[in-house]
Amino acid sequence: MFDGLKDKLSNFREDAEEVAEENAEELADQPDDEAADTEAAAADSAPEDAPATADAAAPATEPAGEQPDADDEESSAGFVSRAASMARGRVVIDEADLEAPLRELEFALLESDVEMSVVEEILDQIRGDLVGEERKFTESTDTLIEDALREALLSVIDVGQFDLVDEIESASKPVTIVFTGVNGVGKTTTIAKLARYLESEGFSSVLANGDTYRAGANQQIEEHAEALGVKCITHEQGGDPTAVVYDAVEYADANDVDVVLGDTAGRLHTSDDLMSQLEKLDRVVDPDVTVFVDEAVAGQDAVNRAREFDEASAVDGTILTMADADSQGGAAISVSHVTGKPILFLGTGQAYEDLEPFDPDALVDDLLAASDD
Amino acid sequence: MVLDDLGSSLRGTLDTLRGKSRISEEDVDKVVKEIQRSLLQADVDVDLVMDLSESITERSLEEEPPGGTSARDHVLRIVYEELVGLVGDSTPIPLEEQTIMLAGLQGSGKTTTAAKMAWWFSKKGLRPAIVQTDTFRPGAYEQAAEMADRAEVDFYGEPDSDDPVQIARDGLAATADADVHIVDTAGRHALEDDLIAEIEEIEGVVEPDRSLLVLDAAIGQGAKQQARQFDASVGIDGVAITKLDGTAKGGGSLTAVNETDSTIAFLGSGETVQDIERFEPDSFISRLLGMGDLKQLTERVERAMEETQDDDEDWDPEDLMKGEFTLHDMQKQMQAMDNMGPLDQVMDMIPGMGGGLMDELPDDAMDVTQERMRGFEVIMDSMTEAEMADPRSVGASQIRRIARGSGQPEDRVRELLDQHKMMAQTMQQFQGMGDGDMQRMMSKMQQQGGGGGGGFGGMF
């Protein structure tokens, strides 16, 4: 789903690299062509060699992936200075030179549905990493740009990733998972998919239909339950969603079921009474995990919703649906940034199997792989 | 509402031009940047935003403002014209026999929109029927059947079939008596080739007079690709935007109409079948630029008046225009106001009340006002027939009795009487206008300074 963003990022990299390259030529110690060639050839093995040859001077080649907890200050002072000991050349990038590529990046991110304030944060970080002070670089100026981009992306998207299955494994049973989100994002379908996924991981589950509002909601989830061969607890339409989930937990307790998957009615975050209903559910049921569900095609508003839902019932992780319908992927970046909680899965189709665990490192690697081709 | 933030931010930026007669490149740059920002935050397609801002810049600098026009008005006019050009007209929906097919992504709100549109057509005196062809999503049949029931319209669906094309064929035949057929389809997206082929087949059988793309107001830049694909497959004649009661701005709809060369038909903003409005470009732009939304307010008022009248055969809103304005009339007016929907929505349409002014009111101002109106209702229930007909005769001891009877403070009762007095005076002013044409009444109020919220002006 991130192909669009990938293409656009590579444009920025080319332009920014050009800027860095131009500046580097003015300042670097003009290594002759031959030397540059041999060093470039040697560069392939550099990542493995680096820690060994320069362990005292901090590892130069593994940026944020290793340290998701690094705070902003640290990351923006960042990797470039850590790379200093390996220097092959020097570069000072002038802010004015970088403005055009950065503006291009700004629009690339906006076009990919990354929310505006998140875009600004990414740009600020890259600007802070690249502009001004003299930078030394090891292989070529290209890595400066790539690393700056990688660092900036990871800092917004890599927020304490955890494995849901591990969580369930180690928690006392039954584990209660409640799903929240606005209307029509695919909460019920996601629950059905997750029930299938958990089954394949060896966990039993029971569904609870906390959507006592929408017409046809009981029929929808009951059909899923039947197809999946799991028990489903429902109440009459108009009932109390908290009571439904509560009943399901009791059922799971009595029947040794591992996981309770609690659906809720879709609600717009502007609906005060429905949001306080959600707060009540959160208070009374006290779920082990609250999963916020949103659709990958959502635009700028994804941030507002995520924030409001997080406030009503603290979100532990997000599942983005309809990832197969979207080539942008910006919603993933915005939502994980604003909730400070990871994307757990992507929904990628209409079949029960279409649920993929999300891996931010792999995603960023993939996004940055484009221009290496 | 669509792009409502543009309204306030644009007003702010344009205000910096106030008093200037010449406009510099820098000024235009600032305005255009603000417009870009607002449009992008509203999810309008990036390319479209660039095109729009380019022509605004160009025209603002090149076109000579007509004599006597301030720089602010000059730019405002250009922005207005460009936006009107972008938004286009409302999709023509003739009130006659027709078949409408709905298409869109999963979860965009097609089934709810089908029921809302059916309700809308039935209010216009036509007989609509909904044909539900979503055989894929569990519970789709039950949902559609119940929504149709709520809208009190004909419905056709086959819960156990898995052939949407056959259902469409059977459904049209089974509901042949209906004037308007609304064919609901399963959600699908542009990249699902088999489902796109399926909707093409349904379209072949249904032969719709118009196909509407149903779009979630929250959709992002992906709107472009989706709209393009649906247009290529079934031909999109108009767009229905849903979930506008959230905070999403619906800019994806502008992208979609631009991409499909179509227009916006309906706006959905709530979970009940009544929460639907026709898209009106005038209203849209006026509201956008902070000039109020007279047309939609008028329609709401008239609809609410009719509903209130339906409840009570003896009462005719036209009577307000002649004779004594009694508490009965005030009670009816309050009911009518209630029928118009949440107060803040209504206020947003009143010239001078929406946008900037609403921003300045405390968040709970509308709740407080609504609370007060509830209090008034209870008080009026505790009054005698004679008191209602002649509120001026109510004295201190009666006020005490009414307050006790209604459980409201005496001050509240006095407030009600004062309010009535003020409204009676206002109504007297309008009585000279002849017929009860609401639009004229509203525009007259606008001339009177724009701040008055109708007969309830004193309440704010």
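Yeah, the Cβs are placed from backbone N, Cα and C, and that goes for glycine too.
What TrEMBL annotates here:
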type    : residues                        : note
DOMAIN  : B:2-87                          : domain 'Signal recognition particle SRP54 helical bundle'
DOMAIN  : B:96-280                        : domain 'AAA+ ATPase'
DOMAIN  : B:97-290                        : domain 'SRP54-type proteins GTP-binding'
BINDING : B:104-111, B:184-188, B:242-245 : GTP binding site
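Projection of TrEMBL feature records onto the structure.
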{"residue": "B:Gly104", "record": "GTP binding site", "contacts (Cβ under 8 Å, 6+ apart)": "B:Lys110, B:Gly187, B:Leu213, B:Val214, B:Leu215, B:Phe230"}
{"residue": "B:Gly107", "record": "GTP binding site", "contacts (Cβ under 8 Å, 6+ apart)": "B:Gly187, B:Asp216"}
{"residue": "B:Thr185", "record": "GTP binding site", "contacts (Cβ under 8 Å, 6+ apart)": "B:Met101, B:Leu102, B:Ala103, B:Lys110, B:Thr133, B:Asp134, B:Pro164, B:Ile199, B:Ile202"}
{"residue": "B:Arg188", "record": "GTP binding site", "contacts (Cβ under 8 Å, 6+ apart)": "B:Ala103, B:Leu105, B:Gln106, B:Leu195, B:Ile196, B:Glu198, B:Ile199"}
Which ones, out of the binding-site residues B:Gly104, B:Thr185, B:Arg188, B:Leu244, lie near enough to chain A that their C-beta is under 8 angstroms from one of its C-beta atoms? none
Per-region confidence, the domain 'Signal recognition particle SRP54 helical bundle' (B:2-87) (mean pLDDT, whole number): 79
Could you find out if DSSP has B:Thr185 (GTP binding site) as helix, strand or coil? coil
Run through the domain 'Signal recognition particle SRP54 helical bundle' (B:2-87) and tell me, per DSSP, how many residues are helix, strand and coil. 63 helix, 0 strand, 23 coil
Return one of helix, strand or coil for B:Gly107 (GTP binding site), based on DSSP. coil
DSSP-derived structure type at B:Leu244 (GTP binding site), helix or strand or else coil: coil
Among the binding-site residues listed here, B:Lys110, B:Leu244, which has the most company in the form of other Cβ atoms within 10 Å of its Cβ? B:Lys110
